[in-house]
Amino acid sequence: MFVYRDEIDGLRSVAVIPVIFYHAGFTDYFAGGYVGVDIFFVISGYLITSVIDHECEEGRFSLVSFYERRCRRILPALFLILFLSSIFAYKYMLPGQLNEFGETLIAIVCLNSNVYFWWKDDGYFTNISELNPLVHTWSLAVEEQFYFVFPLLCHFFAKKRRCLVILLISAALMSLLLSQWGGNLRSLSRNQFQGFAQPTYATFYLPTGRIWELLCGAFIAFYLCTKDSSKEFSRLTKEFYALLGVLLIILSVVVLDNHRIPPFPNFYTILPVSGASLIILFAEKNTIVGYLLSIRLVRWIGLISYSAYLWHQPLLAFLRIQSTTTPQLHLIIIVVALVFPLSFLSYKFIEQPFRDKQRFSRKQIFAISGLCSAITLILAIHSIQIANIRSMTAEQGGDEYLSDLRKYGNWQYVVRDFDALVRFKTFSNQTAALGKKRMVLIGDSFAQDVYNMIIEGKHLANYEIRVYFIYSRCQIYLGTEDRMQFIEKRHHRTCTDANDIKYALPLIRQADAIMLASNWYEWSAQRLPTTLKLLNLTEHQQVFVIGSKHFGIVNPALYVNKSMVFRMKQFQAPKTEIVNVNNLLAKSIEKHIFVNVMKMVCTGYNLTCPLFTPRGKLISHDGAHLTKYGAGYVGEIIFTNKPLNKL
């Protein structure tokens, strides 16, 4: 029999608080705060299965009633957040962002926002997700996709529990293996074998790597429906395992830094899932953990946890979208504090009334849900249309800013020409006959920027150019030390493949000039003299090292409909760590080799960097990578000055 438990509400608060603080940027103490979602999955699986199993035993389970409860529970507060977010999106978002916001609304109504984010491939752990007010809805989509199938299985196998359990155990094991495959074993061979392992974010957003977490909660429900844990285990045993569950969750929240582990979820996810499972199984009210989770304040946060989860991401995202720089700490704290009163209000005046069957009948709930879905779709289409109108209006008014941003201020532009050249693994046999020299450009996205500089400025016309890409997390390094000790764990597999300069040595041997461009890290910059020495270049070969670049925090939305005069006055200080690494390179690399881009470009007051070219064109769309006009502007500077002017 299903019994309401105060401590489960308390566990909800343990799940939601780390998520909020993680998204707020307090990653020094909540590096693994995102695992709160995994705890929610276990809780959800336990509660939903308990109710379904209880109703099936009494012979009154109904799919219509089940989905009615889901509508009452999920949709009212969700639609409130969608409607309010639409207002702020209309006011603060750039056309491109507003267009994507509209697409996200459509995906949410269709219950597949997780698939949409996977398809967009922005990456949950990137800075881009910080500006997406609805990225957190992916977890709701995962749950609803799971609950499209799970209740049906419970209903059809109600009298065949053994078959159901075997089926679910098989599904859980398969899901766990798929999560590890996608999270750690991305490529089984050098032949790019893909499937669920491509891309690495697939199992983060998709239910394939999450089903086992929900099923863990379901298995607990099945167990507790047949066994009484209060009689099965001694008080000491329950205390021990409940405390162990708390320790596993604390360990997960503090230690599971996404920068240090393979892409999530994976086998590390067993830690928070096990912690939540142990608490549900053993933390009864008469235990220490059960008592702490039943404290009124803790339970109160748990009761409003769904609303808190919905509110926190839009508030933080719109704060960042409208800010000229990274929001100050006190503003972040104010927003986080604001989450809880807003959540209480939406819980009291939105969630609770719609759960009351006396106030809203089943027909009314379904009708209101349908109406709100239709309104959301209208808002989505309107957002997309407004985004297009704003872009067209700006272009017709003579200001090409938005048009330029859409065409040349994005990743597609940065990688396009470089990636088209990657397929050429060697130089042509006719280089010498054409009177051309050979150059190889090696590096990460900063090397892609350099190639765009060459293309936009028509530089190095007397060179046949080949390129070799090395992921920035892997860095350019040759030496006796194992570079894996410097690389984040989650990138180890990527960096054992072709993302190593040693695989570019055949191209280097054929080249007359070698150009290394990277977002240099301190460890690779310190060892760069050794790397250059181990390239074993001949006296006829030239080598150049392009320094890192940064233009400060760039928010393109701030410069829409601004005058040329205003734009030309915009200067910002680059990241201190970029300046420090460039200074390190300048000291350790010979002057005729090192190209200090920042020193050449950032000539403003206190060595600040311009955000716009002399023609009023945005130089960088994200503070690090160049637009088309930024590539032309920066390229003209570095290729007409020493040391590249001798090429």
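Yeah, the Cβs are placed from backbone N, Cα and C, and that goes for glycine too.
Within the set 102-119, 138-155, the record from TrEMBL flags 102-119 under the feature transmembrane segment. For the transmembrane segment (102-119), the partner stretch with the most Cβ pairs below 8 Å, chosen from 73-90, 236-255, 267-283, 365-384, is 365-384. Under 8 Å from some Cβ of the transmembrane segment (329-345) lie the Cβ atoms of residues 20-21, 24-25, 301, 304-305, 307-308, 310-312, 315-316, 319, 323, all in the same chain and six or more residues away from its ends.
Between the transmembrane segment (236-255) and the transmembrane segment (267-283), the number of CB pairs under 8 angstroms, six or more residues apart, is three or more, so the stretches are in contact. No contact links the transmembrane segment (365-384) to the transmembrane segment (267-283), because fewer than 3 Cβ pairs that are 6 or more residues apart lie under 8 A.
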